[in-house]
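Novice: Below is the structure I would like to discuss, written out as structure tokens.
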Amino acid sequence: SMASPALLMRVVASAYSVAEKAATIVRNVMSAGDLGIVEKTGANDLQTKADRLVQMSICASLARKFPKVTIIGEEELPSDEVADELIEDGHCEEILKKTCPAQYTGINEEELVIWVDPLDGTKEYTEGLLDHVTVLIGIAYRGKAIAGVINQPYYNYEAGAGAVLGRTIWGVLGMGAFGFQLTEAPAGKHIIVTTRSHSSTLVNDCISALNPDSVIRVGGAGNKIIQLIEGKASAYVFASPGCKKWDTCAPEAILHAVGGKITDIHGNSFQYNKDVKHMNSAGVLAALRNYDYYASRIPNTVKQSLVP
């Protein structure tokens, strides 16, 4: 008989279905029209009914199937009973059929940490910039992001009536990433993707020093990594604290699975063990190709301003 799939593949296969359920919740909250917006620390740090419901759905669904995995979500929520209609029990068969990379076949539940951003790009969501929005489920082992799922609930939303909305991108280190067409940015062009709503002098000085051909300002870390893997931008640069582990875990796994690189502004890799601080206080630098070109051009003044 076939050996049962490795734990990692079962977690990823479930996370895929859980992310699709999350996308449905995101779309339903938007179409019902009452976003239930709450300011957390200010006008650029918002939480909606979608953030709350999606986090409950993701965390409760995964915790039921994998009770010993540590799950860390962005939103602080009361630990109420989660309504049955928020539970997703399914999994993606296609993912279970794939062979788990050998280095991850022996993992047990206690060794995994799942970092969840229920709705990355909340501010953009409230402003109707729907293609910026992603649902992020990142899976870490021994402090390293090794697998991730990114769902874009509104992928294709500008294609008009009858278009199929949404897509799910997923990846595992040592296996690759799926659900999109890997594309490199135009050779010799330096196109920087950066923050839309968290700009500052430091952010802008850092970008100017890289002498870019163009700068794209969009919301959401998940969305920015998608810009890199689909060739719309050549580097993601954010010289500021503010990004958190749940923003970078899933995107990092997918970017690394296709040969890219993400670090803080100093070149330090991010750590994802369960006791780590949540803030990526030294910013973000990422590229699908030519990471070293950008890393070597970050000004020392910028590095000195950002303490890991």
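Glycine residues also receive a Cβ, built from the backbone N, Cα and C atoms like all the rest.
Reproduced below are the annotations present in TrEMBL:
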- Glu74, Asp117, Leu119, Asp120, Asp247: Mg(2+) binding site (BINDING)
Novice: Cβ within 8 Å of the Mg(2+) site's Cβ centroid: which residues qualify beyond Glu74, Asp117, Leu119, Asp120, Asp247?
Specialist: Asp51, Val116, Pro118, Gly121, Thr122, Thr134, Val135, Leu136, Gly220, Ala221, Gly222, Lys244, Trp246
Novice: Using Cβ-Cβ distances, find the residues under 8 Å from Asp247 (Mg(2+) binding site) that belong to the same chain and are at least 6 apart in sequence, listing them in sequence order.
Specialist: Asp117, Asp120, Leu136, Ala221, Gly222, Asn280
